[in-house]
Amino acid sequence: MISLNIEKTFGFISKEKVSAYEAEVKAAQEMLEKGTGEGNDFLGWLHLPSSISKEHLADLNATAKVLRDNCEVVIVAGIGGSYLGARAVIEALSNSFTWLQDKKTAPVMIYAGHNISEDYLYELTEYLKDKKFGVINISKSGTTTETALAFRLLKKQCEDQRGKETAKKVIVAVTDAKKGAARVTADKEGYKTFIIPDNVGGRFSVLTPVGLLPIAVAGFDIDKLVAGAADMEKACGSDVPFAENPAAIYAATRNELYRQGKKIEILVNFCPKLHYVSEWWKQLYGESEGKDNKGIFPASVDFSTDLHSMGQWIQEGERSIFETVISLDKVDHKLEVPFDEANLDGLNFLAGKRVDEVNKMAELGTQLAHVDGGVPNMRIVLPELSEYNIGGLLYFFEKACGISGYLLGVNPFNQPGVEAYKKNMFALLNKPGYEEESKAIQAKL
């Protein structure tokens, strides 16, 4: 299970200040548990891990097997929370070069519907021309522009290449239980469907079929993922004392740093496989907290790569930042630095050391340098990359986000600002019903 260390923040805020949040955190947790806070229609994620049945997981695994048995490639069509959670888990657990391996134990997973790039979609459809592919269409409404557009293209291509009957078997819809374009299409075509619960918002949906089905198709153990999340649900429960509750401490610490003028949180990893965990985290916290002219800005870096781009700014730029480092305790493989007789690169002092030891010293050295440079640091230790640990990490961030949003004084479960660009886009595209908006926006151009 993960652990949290906040000691490297105490040169900037006091332990007593963090402890003083206990009453506020308790109130926030009660709002979550009793459903008395804003956004209480979207609390289905709170006890989701412990409520997922074995039968539900078996159904997901059976459907995943159908896709694995009948597809070389599976396209996950979704945007935001409809794909980021799945991608975060899949990329964290996959071999870095799965794409290039000749022997594959699961279909190649590709993502679509998360942009409107014509080149991306054209190149994807070209790649799929000689492939046995399937699609997981993830959309509660079925009318989200990016995803609906991609699915329209992929549905037609799948039917043209594989025939309607096979397409019916290898297209799965994850959507609303009763309504929406995706539900209507799925019922009409006879697709296998899974339900997105009404009370779970997209960015909190990784432990619903939204995330679990693609993760299972990719060959990973969703039973263990859910078990890790369920254990973290207990560890972060409202009955756990404040000082022992990692989600409570993380939420309190980041809010105290925010109140002390630290407006930007940078999520740091020293393992490139965690890149999409950071992308998922940015949406989770950005959409949950960025409203009412408030909110910590969530940013991320992949070290040591980004030490050669963002390192200068972090070390000596404006002191409005703090870092949360995901530290990986144990890696999967072992590789030692070889001895070289010529030693032209001067690296013989590392000969015989594991590459991971070099990476860990880079991590420690970076943390010390950044703290000395005025950047508070929190550290989340992940024992190893496994389904169980990743499940726990995701739930930890979700629970802390709910608490943190209420500490901040916002509704953590809505995202009204996301609609602004859509209204402008629809007006510019002359979508029926947007005539007045179209006139108004044309006057601005």
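Using N, Cα and C of the backbone, Cβ positions are placed for all residues, glycine too.
Worth saying up front: this structure is predicted, and the values here are computed from it rather than measured.
Copied from Swiss-Prot, the annotated features are:
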ACT_SITE  Glu287  active site, proton donor
ACT_SITE  His308  active site
ACT_SITE  Lys422  active site
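Here the features listed in Swiss-Prot are placed on the structure.
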{"residue": "Glu287", "record": "active site, proton donor", "Cβ within 10 Å": "23"}
{"residue": "His308", "record": "active site", "Cβ within 10 Å": "9"}
{"residue": "Lys422", "record": "active site", "Cβ within 10 Å": "12"}
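For the pair formed by the residue listed as 'active site, proton donor' and His308 (active site), distance between Cα atoms is given as 29 Å, rounded to the nearest Å. DSSP classifies Glu287 (active site, proton donor) as helix under the three-state reduction.
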